[in-house]
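Peer 1: Shown below is the structure under consideration.
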């Protein structure tokens, strides 16, 4: 045990009545719900960037965190890994996620960056062997360095496209080597600051081509994981091309990739796009592109990405209800793309923020499972649409406007509305919480 | 001349220096810009609903307008038409648009509604013959009557689907009879209030099927106009399926209708979806589905559809710049989907609101044309992407991740960012205003 | 029992495990918490307007509800009262609230309106005697009729000011006669649509003068209730003068009324002003103007007043925590300024929406009481500021800039930040839920 | 001339028709409008922080700007000053503004910071003597350093309060020494992240006490400038106590400082608070606390402080109209609290962004002056309220509710609404542009 987490033991489940803040109240990893353990349902993952690479800055202030691993050397990168794996162990999460830039020092060029990455990947591989930790997904940071300021795939400079493609390859290689279960693309700079200097058509084609290359490389390497796009409407750019799930779907259809690529949906990004998290989850499910989730919570009243740890159990229940309706995760999982508030300086804060988030998710999932198992919600939904199951209704769908008009005239169709019962259903949801 | 518009003469162009508020300062219909008259560029249209059917209510108060034509009889519907055509004449607009419910009294059933509509369509036809007025588009109001409270095409009750389809047919028939140049679908209730009672998959399929029927009927009748979907993110529903242009595109692709259906883009709906108007216009152009525009202005700080008349010329210039970049309107036009503030009680207000809006559009269009003709903006845009026109760059696009990596290594690609020059371009735009 | 609520019995408390949706799961009226019954803590009230006067319209559609009492006759007004009191009885709420316009038919002038109001007040008085129901507050509707379209107290027309003042007097008289415990002013039209036609200085003075008159009349009549202003940022107006609690405070200070007038805080209005509900509650408490609450819930992502029934227990807990920290209600209470979704057509919906809301509040209050009684939150808060309790710190506050600079130099003050522990406190809150 | 601005000459006025982007099209410094030169009306000021201290980072990426003066030594601080004064000269602005942390290297403690500041102040003084440049205002950066993460005046740690007070004193001293015309307080961290760990009452009192000390020090030193608070609703904090102008007014009234302190209003902060810029300006004017402006523009659709250079002339016209209605600036001025987009890397961008902003302001001011001089807007406003100038109306204001009721009854007052003419007034405004 390092000094940093000194005195913090592995977090155990103690049940809802515990007064020990260093214990799980709801996340009992081995508890079986709907035939699966909570561990297998939730597939929790920690994000390397927020917990280990972010210094606590915001647009009006710099670093607040002081971490023994901060710095740009390979030795510190390995020290960072030591601390990270110690935290994973304390929390009992089975997965983690990372960008290349989170885990290796920035080199002077592509070759050095790649060497640095490969060295740390070997270091990770050893630790993963030792601990059983798994990689939920890897990704490339194509947005922080100034070379990416005008985009990666969508950059007006083809050299940046090339640099980005090469970097993605190295990150896919790293992901494959570490047995990652998905590879994620978040296009933080794939958008524009002003339409005035932007060729949207070109940029869109560049983005499509890059995605095709990624899919081709997946097939060439035999990578079995899923390729995931993470939608976000804006920030850092004024407009990001992967605005939301529906927008990504249109993009995938345009390039014929809707069966090759899925989405990684973040609660905060959904909020910023004007949607609820459950809306985005349901949309992905209905469009057949549901992949994984980035779990956090965005302040509804702050117009930027607040990336807070989730804590509202009723909201978690609605989200996991949609996950369960989608059949649960296959390659995906629940990745905490959440960061400490910059005033939460202590090692205890880092641990307990995750504990609280894991508990909120577990409580939400259990409530969601109860809703599924009880079936009353789905029964109400089916009943509302039951008219569509009649032959008369199915005939309508294969008719044409003239045929339908005749039907309306012949039967003097004059439909009367029926209650949507929203409040009753909301009460019903609350009864499972 | 009726009493209502008594004393208001036909509005004439008097130029920017006029102090006559009953004159155009910028809209000189016959002025030629880029080889076309302003009249043919702008293709102005008045919306029947806001100016003739809306009583001035808001969620906290009822009717403020007192109009001689208000009431639910056929005689009043014809009187309303008399006033409407008088206003069109005063303004010198070439087009108008309407929903069935704007123009005919509500009957007791489908058959009576259809008879009422047909009678008023005959009345319109006569007036159009007499005046040369044209119909930009027709549409069906499938959202105001309580039967549509849970949707039209997407209703859980198949009888509402049928009623809606039949109504659309009658409105398409009316549009065809009047020589309409487009037919519009705005799905004000095609969305949901709560996911809890909603089967998104079913509803999406119902909406797709309805659209197929509309397209089939277009082909069957030989209607030459465009079928247009009007996106809106929410309001009246919590979520509307036709959220924005990109969402509509994905929907069209899913049903194979992307070459059959275009979009009618409203400034206010763009704003409510988190986009600028010019973003939506540019997106539609790049996706090949640009059709027409609903011109208005939404208060950026009021979270509902304010439907104000446009008055910010710099914003109009950016919007019409994108329209001109799309090649200008073909079947589409500039429809004022704008309403008086409910305190603007007087006939003069109704006329002058349109005059101001037409002038703002004309001034914006002229500035946009100057930008196009001068070419400096497009020159800057091309220069920014000129690297992509090299053979080296084009090779990148046909390579694969491994090939690109090799290229980066071989050439030690280490791209340096170049200024995006946003402020300079913004200054450039201002120089045309 | 009328036909409308036929078959719906008085709602009883059955506890969290009940599966009867017509029962309380958390609201046990007589349960004692912190020395008071839930009934006395919560002081629930039903709003006449939403449940009995609102027809279910929205900006894109008209009436959906069909109620036997709808219509503009005195007989129907009394029938409405019969149904209302039946609902109060079914729910077991001790209070109700109303505007004049909710309860009486609109007359042709002030005198008739007053006679109508007086007649219905007598009818209410009898029913209140019979049932023990009490009036939480009365108010005047000075926003729906077209005469108020440009404001009531702040109208450019002094006759509207006069009409409004006279109407307020009649509503205060009604409130006094019925033993109301507060009188509320919500200035729905006291704001502006455009600064261009607005004399903000005049309007502000008119509003201040009207409030002085109200306070004077309170004292003259010996009314013991509180005078409450209800803040709202906008809607229906572009800007409403009573934007939020802090704005109202400045207004009261300006007219020397900060000890005479308090605030009635609505969850939805807080949200629309960019605040959390608990922020507004805490602000009012710290400024000494906390009065009462309008309980509802606003969709965070819909930019208008959605007035939904509350259902998120964690949010209720935070709100009631601030209420309890303010010492709980004195004259105030928990008024459901919440309306059914317009698709919720059935009598059962009306009852169950209230039941769900009452349960959410009760569960929230019980959690809040547990937080208060446990004391851990307040202990953490005090500890964080404990440095201020030292003599050294108190000396700072009575020093001046020069003295403090000397202190900093003499002691080489170089403060180190300490963790704010936000996530730990959020976890702590969750442990009471 | 340094290498950095090499080849950029002093910007001259060339008029609207110029095609030289390095020239003013509207800002003719010596042009007289309403009896004053544009220079004296506008009192332009450059902000040191955005143009010389900000490295171009955002929450998802680091430094993009490479400036020869970046670094933390006194020599570089002086080099920075050399470049800054060169830019002021190129632009021909008469004023600048700064925070301590913009201009001096960060020292290890208060004493070193103060010495560094004093040394650079001497350096500034010499340059100001040489060039005639003046200081619009000085201020202290009490938000960037991690010691301020939980607030400055409102910190839970009294040592931070002390450190902040001492720092303010040194910044006031610097301002006084340089002949500054105002001293500004922006409380970027004076707010909270979560109510759970916040004692709002204490913090408010601490803030009030700090402000009293500042006012006392102003009087003690004989400083003739204005003390200005700059409101902002949130960001970096979840909630900032100085939310908007109305909130600041209430705070000032509470501490009896409303005649001692005014506001510095920023366009972007107004937008983030849900207000138009002109609303905040008008509010400050009516409350008697209008001081100065921070000119920029916030993207209406990005929920964070975008601090762009202004470019929408119609909006500028409405803003300066309110400034002129307030009598114009006395100690205040037009400070560009605006930053380059982070992709605008070049020295030319820095100059031309200011040129565009100055031109937009000048064009707006000239239009505003034309509106004032023409008088039609004010005439319409007066006419709308003219009823209030009658004796009958004035009597109403000195009556009481009973007297007014009698008046309404006696005269059967039944007011009819009159048109608010919003669109006509908007057209009128456009006629001056």
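Here, residue 1 is simply the first one shown, and the rest follow in order.
Each residue, glycine too, has its Cβ placed from N, Cα and C.
OK, TrEMBL features for this one:
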ACT_SITE  C:99  active site
ACT_SITE  C:102  active site
BINDING   C:230, C:266, C:294, C:337  Mg(2+) 1 binding site
BINDING   C:266, C:269, C:305, C:307  Mg(2+) 2 binding site
REGION    C:411-433  region 'Disordered'
Peer 1: Using a 10 Å cut-off on CB atoms, tell me which of the recorded positions C:102, C:266, C:307 is the least crowded.
Peer 2: C:102
Peer 1: Taking Cβ atoms only, which of the binding-site residues C:230, C:294, C:305, C:307 fall under 8 Å from chain B?
Peer 2: C:305
Peer 1: Looking at the recorded positions C:99, C:102, C:307, which ones sit with their CA no more than 10 Å from the CA of residue C:337 (Mg(2+) 1 binding site)?
Peer 2: C:307
Peer 1: Neighbour count, 10 Å Cβ-Cβ cut-off, for residue C:269 (Mg(2+) 2 binding site): what number do you get?
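Peer 2: A 10 Å sphere around the Cβ of residue C:269 (Mg(2+) 2 binding site) contains 30 other Cβ atoms.
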Peer 1: If you draw a 10 Å sphere on the Cβ of residue C:99 (active site), how many other Cβ atoms land inside?
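Peer 2: A count of 21.
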Peer 1: Compare the C-alpha of residue C:305 (Mg(2+) 2 binding site) with the C-alpha of each of the recorded positions C:99, C:230, C:266, C:294, and give the closest one.
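Peer 2: Looking at Cα distances from residue C:305 (Mg(2+) 2 binding site), the smallest one goes to C:266.
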Peer 1: When DSSP states are grouped into helix, strand and coil, how many residues of the region 'Disordered' (C:411-433) land in each?
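Peer 2: DSSP classes over the region 'Disordered' (C:411-433) add up to 11 helix, 0 strand, 12 coil.
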Peer 1: Using a 10 Å cut-off between Cα atoms, which of these recorded positions sit near residue C:230 (Mg(2+) 1 binding site): C:99, C:102, C:269, C:307?
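Peer 2: The recorded positions passing the 10 Å Cα test are C:269.
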Peer 1: Roughly how many Å lie between the Cα atoms of residue C:266 (Mg(2+) 1 binding site) and residue C:99 (active site), rounded to a whole value?
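Peer 2: The Cα atom of residue C:266 (Mg(2+) 1 binding site) is 16 Å away from the Cα atom of residue C:99 (active site).
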Peer 1: Across all chains shown, how many C-beta atoms besides its own are within 10 angstroms of the C-beta of residue C:230 (Mg(2+) 1 binding site)?
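Peer 2: Its Cβ has 23 other Cβ atoms within 10 Å.
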Peer 1: Just how many other Cβ atoms lie inside 10 Å of the Cβ on residue C:337 (Mg(2+) 1 binding site)?
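Peer 2: Result for residue C:337 (Mg(2+) 1 binding site): 24 other Cβ atoms within 10 Å.
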Peer 1: Suppose the Mg(2+) 2 site is C:266, C:269, C:305, C:307. Which further residues of the same chain have a Cβ inside 8 angstroms of that site's Cβ centroid?
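Peer 2: Going along the sequence, the neighbours appear as C:232, C:267, C:268, C:271, C:272, C:294, C:296, C:298, C:306, C:337.
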Peer 1: Residue C:99 (active site) to residue C:269 (Mg(2+) 2 binding site): how many Å between their Cα atoms?
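Peer 2: Between the Cα atoms of residue C:99 (active site) and residue C:269 (Mg(2+) 2 binding site), the distance comes to 18 Å.
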Peer 1: Using DSSP, would you call residue C:269 (Mg(2+) 2 binding site) helix, strand or coil?
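Peer 2: The residue in question, residue C:269 (Mg(2+) 2 binding site), is helix (DSSP, three-state).
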Peer 1: Just counting, how many other CB atoms are there within 10 A of the CB of residue C:294 (Mg(2+) 1 binding site)?
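Peer 2: Other Cβ atoms within 10 Å of residue C:294 (Mg(2+) 1 binding site): 26.
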Peer 1: Using DSSP and collapsing to three states, where does residue C:337 (Mg(2+) 1 binding site) fall: helix, strand or coil?
Peer 2: coil
Peer 1: Give me the CA-CA distance between residue C:294 (Mg(2+) 1 binding site) and residue C:269 (Mg(2+) 2 binding site), in Å, as a whole number.
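Peer 2: Here the two Cα atoms lie 9 Å apart.
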Peer 1: Please report how many Å separate the Cα atom of residue C:102 (active site) from that of residue C:307 (Mg(2+) 2 binding site), as a whole number.
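Peer 2: Cα-Cα distance, residue C:102 (active site) to residue C:307 (Mg(2+) 2 binding site): 17 Å.
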